[in-house]
Amino acid sequence: MRVPITRPPDDDVVVYSIPMRSKFRGITVREGMLWRGPAGWTEFSPFLDYDAAQSAPWLRAAVEQATEPYPAAVRDAIAVNCTVPAIQPDRAREVVFSSGGCRTAKVKVAEPGQSLAEDCSRVAAVREALGSRGAIRVDANANWSVEEAVEAITALDKAARGLEYAEQPCASVDDLARVRRRVGVRIAADESIRRAEDPYLVARAEAADVAVIKLQPLGGIAATMRIAEQIGLPLVVSSALETSVGIGASIALAAALPDLPFACGLNTTKLLVDDSATESLAAVAGYIGVPTKRLVPDNLDAIRAPAQVRQRWLTRLAEVSAQ
Ligand SMILES: O=C(O)CCC(=O)c1ccccc1C(=O)O
Ligand SMILES: [Mg+2]
């Protein structure tokens, strides 16, 4: 079905370009667009490797944020995890110490070119920094085979002295199910939901214990809340590395969900060198407070992209709108 999506006039959008503190998922610079709609500021930031069709839900989410009010909140603060990139142990410790009091850490593992031993040292360092009562989850971004996943999850569970869950160990839903049957650690699905034709397949296949949901790839708050209702799995709301404008929408989603048993992956403005707002939405004592007003970005001049990058995004926005 062809759903027309309205886009703002070119002159009204801000294109930003912000370096990452460490390489994350192959990304060293985060780019995206911000504009103000009748309901408030919004963010559109599909990853650079996404084509126009894959970016269409991201635009629906951005248009919704610009035009619709947020749903009613049922909580006033969201527990969040800190996110540890595939970095050296001493820097991983630093991420935990400077996380704003997060009691849960998500650690990236299975980075191409790195070894299981490096993953184990990183996870052990995070445990040391977090203390025995914190929760540790790992995210392999689909980089393991079934056999590798079983071996790695078993070793990481030991190194972490207990894992909360392992996120997207393998690419296919069948492989997730196979790994889930063979390890004593919960399995979370991320790419299998946000990049899937059928987001419910993981649940039907009994391939995951936890569903990671991301606002932009799933097409906005209303669309994500429908999936949340029907998927029948505990949910973790996670970011797509937005600036505080986009994180605000994900916080609104997390605030509106009836059940939220795990910390959410929304403390990611820390991974960026700068932000759209001088007061970032970031954890204090492990929680991000749910704002009562929509965030107004006050740091736009500092993050504005060069003309070439701006032009590339305007072209991209036109292509995605034409979907
Ligand atoms: O969940 C988190 O802690 C932060 C968000 C995150 O990891 C992420 C951010 C951008 C793209 C992919 C991912 C991911 O979960 O794989
Ligand atoms: Mg993930």
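Note: Cβ is positioned from N, Cα and C throughout, glycine not excepted.
Listed features, source TrEMBL:
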DOMAIN    89-186  domain 'Mandelate racemase/muconate lactonizing enzyme C-terminal'
ACT_SITE  Lys108  active site, proton donor
BINDING   Asp139, Glu167, Asp190  Mg(2+) binding site
ACT_SITE  Lys214  active site, proton acceptor
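Mapped onto this structure are the features recorded in TrEMBL.
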| residue | record | DSSP class |
| --- | --- | --- |
| Lys108 | active site, proton donor | strand |
| Asp139 | Mg(2+) binding site | strand |
| Glu167 | Mg(2+) binding site | strand |
| Asp190 | Mg(2+) binding site | coil |
| Lys214 | active site, proton acceptor | strand |
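The Mg(2+) site is set by Asp139, Glu167, Asp190; from the centre of their CB atoms, other residues of the chain with a CB within 8 Å are Lys106, Arg137, Val138, Ala140, Asn141, Ala166, Gln168, Ala188, Ala189, Glu191, Val212, Ser238. The Cβ of Asp139 (Mg(2+) binding site) lies under 8 Å from the Cβ of Lys106, Val107, Lys108, Val109, Ala166, Glu167, Gln168, Asp190, each of which sits 6+ residues away along the same chain. Proximity to ligand 1 at the level of Cβ atoms, with a cut-off under 6 angstroms, picks out Asp139, Asp190 from the recorded positions Lys108, Asp139, Asp190. Ranking the binding-site residues Glu167, Asp190 by the number of CB atoms within 10 A of their own CB puts Glu167 at the top. Sequence-distant contacts of Lys214 (active site, proton acceptor), defined as residues of its own chain at least six apart whose C-beta falls under 8 angstroms from its C-beta, comprise Asp190, Arg194, Thr224, Val237, Ser238, Ser239, Ala240, Ser250. The number of other Cβ atoms within 10 Å of the Cβ belonging to Lys108 (active site, proton donor), over all protein chains shown, comes to 23.
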